[in-house]
Protein chains: 2
Amino acid sequence: MTVSPTPTPAATVEQVSESELLSVFLPLSKTASSYVEVGPGDDCAVVAVPQGRVVITTDTQVVDQDFRVRWPNGYETTGADTAHKCAAQNLADIAAMGAVPTSMVVSMTLPGNTPVQWVQDFATGLAEAFDRLGATDCALVGGDLGRGRELSVTATVLGVMEDGNPVLRSGAGAGGTLVHVGALGLAAAGLSALEAPPGSGWDRVPEHNRRELERAQLRPLAPILTGPKAARAGVSAMIDISDGLLRDAGRVARASGVVVDLDPAALEEAVAQLAEAGNAAGVDPWRWVLTGGEDHGLLAVLPPGVQVPPGMRAIGSCAPADRRPADIGDTAVTIAGQDPGQWLGCDVGEGWDHFEP
Amino acid sequence: MTVSPTPTPAATVEQVSESELLSVFLPLSKTASSYVEVGPGDDCAVVAVPQGRVVITTDTQVVDQDFRVRWPNGYETTGADTAHKCAAQNLADIAAMGAVPTSMVVSMTLPGNTPVQWVQDFATGLAEAFDRLGATDCALVGGDLGRGRELSVTATVLGVMEDGNPVLRSGAGAGGTLVHVGALGLAAAGLSALEAPPGSGWDRVPEHNRRELERAQLRPLAPILTGPKAARAGVSAMIDISDGLLRDAGRVARASGVVVDLDPAALEEAVAQLAEAGNAAGVDPWRWVLTGGEDHGLLAVLPPGVQVPPGMRAIGSCAPADRRPADIGDTAVTIAGQDPGQWLGCDVGEGWDHFEP
């Protein structure tokens, strides 16, 4: 076996072996945490689970489905952006159980012309994302680097409950208060900005505001520290908002056998923040707030009499499923008692479906 | 929300929503095991880990890299084949730690024209594979179904040690005996058969033998029950042979600071089994046995004085790294004391590299 020189970042992955790529990827990765007993390099990693149970989630990003290498507005997605989104979407699922993330494995499928730099940026970006999101005791413990025509990244994350039981979607009860933390509609507005070619209405939005929205899509600030706090504060149901407020609130409602009524007054500030962008893009900002996905905020339900946890805001309430008005059919989520479409005066659908034709 | 009719298997995934696809996928899946506290459907699954630590591995199969939808010999890979390979390659990693698999999450990227039937076959095939491989208390606990241009499947599996510590690659010691269980070269020969268009030398191999080899590639019989048994019997190092005997033995040798010498007499039976196929394909069967990947057998090292575990066979020995002959350079694996290329009389390389240019 000959020792290969370290590949320079100018190289593409088809010019290096898998072991050469790993030799530049792993030293840039954060591979240690207090939970890691064996990190990358063996058949499996070994992760401590002192509490007797582990929570696990997995999420894939595929180019041109979940992100673009080059967006119509000219922005090019870096490896660090992809790493950040990968962390946010998976860690938000962990947080939505009330759990703390301990470890991640990542599988990447890389076209041959992917720059080695992109892979290095992913490694450093992932470590930065763990820090920025507050996952300070989470590490990358393994993965799989392979070739394909289509760039994609799949991560699986493990988490543990520091105390108490995991919080499910099905625990909402009638009389409960719906509470929320995180962005609403920012990632959807950012997607609109990234998808807008030069010369669109988005050019009227000040550069700084536009960049902030684009960043909310590229590197969503999932409020993952609030998940375990909400669990300790006594929330009885929780979900990560990945597919839009209406759709994810509907999931909690149906899993719990309740109907959820959103308080429009509690959403007005989120809508106001997006008014200028909505005007430029020709989109009603209520649509972004109600149906925009990928913000990765947390939506939870407090039993009656439990105080709203610090950092969260009340945005609605739960009623028995048989208490919904007769004229709104099967709708599990209402706004001020009305069907969301009726309330908005247009068909809003329920949010994002990966397979929607 | 309207209730959609159950999609018929004749449909393709672009004709159904993600929830519709899940509604046919999940009922066919094995989602329960004694370890599963919360299965698919929430933000995370919850899996019991009574022993305080979990082992985790992940592996991706990408079409045209790791398998073909339609092979040159005319065979079409079914969803059940893909599920079986997915199970074998991941469960073998768990077994190589001496651990028992408890749970899997699967992420699938599906082109729009993928038949719903393919996805259903994956679900039933995965449950069958768990049974066939002996992973009787392992379940599918979650995943991600998404769209893309390129079919790929990524699985992550968790396992637990029933007793004792995980077995690493780095525990081989001088004087140890190299032991093995599983196929050697069958998957590589099967790949050659699948890749052979009609009219090739493979037509001379009897149909039954050819099908058996193809099956070893498509649905490798990873001997996962032997992993925990080997750990209990006292092996000090273990690895899953996914990239070929030479390469994976080399990994154990380098991680442990020893050199491994293979006993050709112990490999002769595996070679003899492949003689007819090798003759037909124009390949020296030694090459398949020494460098063929994807068999997912287990290679372990016994400390001196420890008996060979039931089901395993001794195939070589370990010596201190400084004991290798001066004329073989950095080679960590020898055959009867010779460099493998020298011994075979040709350049054998070391096996499979996902990125080899």
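Glycine is no exception: its Cβ is also placed from the backbone N, Cα and C atoms.
Annotated features, as they stand in TrEMBL:
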- A:Asp43, A:Asp93, A:Asp240: Mg(2+) 3 binding site (BINDING)
- A:Asp43, A:Thr57, A:Asp93: Mg(2+) 4 binding site (BINDING)
- A:Thr58, A:Asp59, A:Asp144: Mg(2+) 1 binding site (BINDING)
- A:Asp59, A:Asp93: Mg(2+) 2 binding site (BINDING)
- A:Asp66, A:Glu294, A:Trp352: substrate binding site (BINDING)
- A:Gly143, A:Asp144, A:Arg169, A:Ser242: ATP binding site (BINDING)
- A:Asp243: Mg(2+) 5 binding site (BINDING)
- A:41-161: domain 'PurM-like N-terminal' (DOMAIN)
- A:174-301: domain 'PurM-like C-terminal' (DOMAIN)
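Overlay of TrEMBL feature records on the structure.
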residue: A:Asp43; record: Mg(2+) 3 binding site; DSSP (3 states): coil
residue: A:Thr58; record: Mg(2+) 1 binding site; DSSP (3 states): strand
residue: A:Asp66; record: substrate binding site; DSSP (3 states): coil
residue: A:Gly143; record: ATP binding site; DSSP (3 states): strand
residue: A:Arg169; record: ATP binding site; DSSP (3 states): helix
residue: A:Asp240; record: Mg(2+) 3 binding site; DSSP (3 states): strand
residue: A:Glu294; record: substrate binding site; DSSP (3 states): coil
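Among the binding-site residues listed here, namely A:Thr57, A:Asp66, A:Asp93, A:Arg169, A:Ser242, A:Thr57 has its C-alpha nearest to that of A:Asp144 (Mg(2+) 1 binding site).
A:Asp59 (Mg(2+) 1 binding site): 24 other CB atoms within 10 A of its CB, across all protein chains. Using a cut-off of under 8 A between C-beta atoms, none of the binding-site residues A:Ser242, A:Asp243, A:Glu294 neighbours chain B. Fewest Cβ neighbours within 10 Å among the binding-site residues A:Asp43, A:Thr57, A:Thr58, A:Asp66, A:Ser242: this applies to A:Asp66. When each of the binding-site residues A:Asp93, A:Asp144 is scored by how many other Cβ atoms sit within 10 Å of its Cβ, A:Asp144 comes out lowest.
For the recorded site, A:Asp93 (Mg(2+) 3 binding site), the DSSP three-state label reads helix. Most Cβ neighbours within 10 Å, among the binding-site residues A:Asp240, A:Asp243, A:Glu294: A:Asp240 holds that distinction in the structure as shown. Taking each Cβ in turn and tallying the other Cβ atoms within 10 Å, the top scorer among the binding-site residues A:Gly143, A:Arg169 is A:Gly143. Considering only the binding-site residues A:Arg169, A:Asp240, A:Ser242, the residue whose Cα is spatially closest to the Cα of A:Asp66 (substrate binding site) is A:Ser242. Listed in sequence order, the binding-site residues from A:Thr57, A:Asp243, A:Glu294 having a Cα within 10 Å of the Cα of A:Asp93 (Mg(2+) 3 binding site) are A:Thr57. For the binding site of ATP, formed by A:Gly143, A:Asp144, A:Arg169, A:Ser242 according to the record, the largest Cα to Cα distance is 31 Å, rounded to a whole number.
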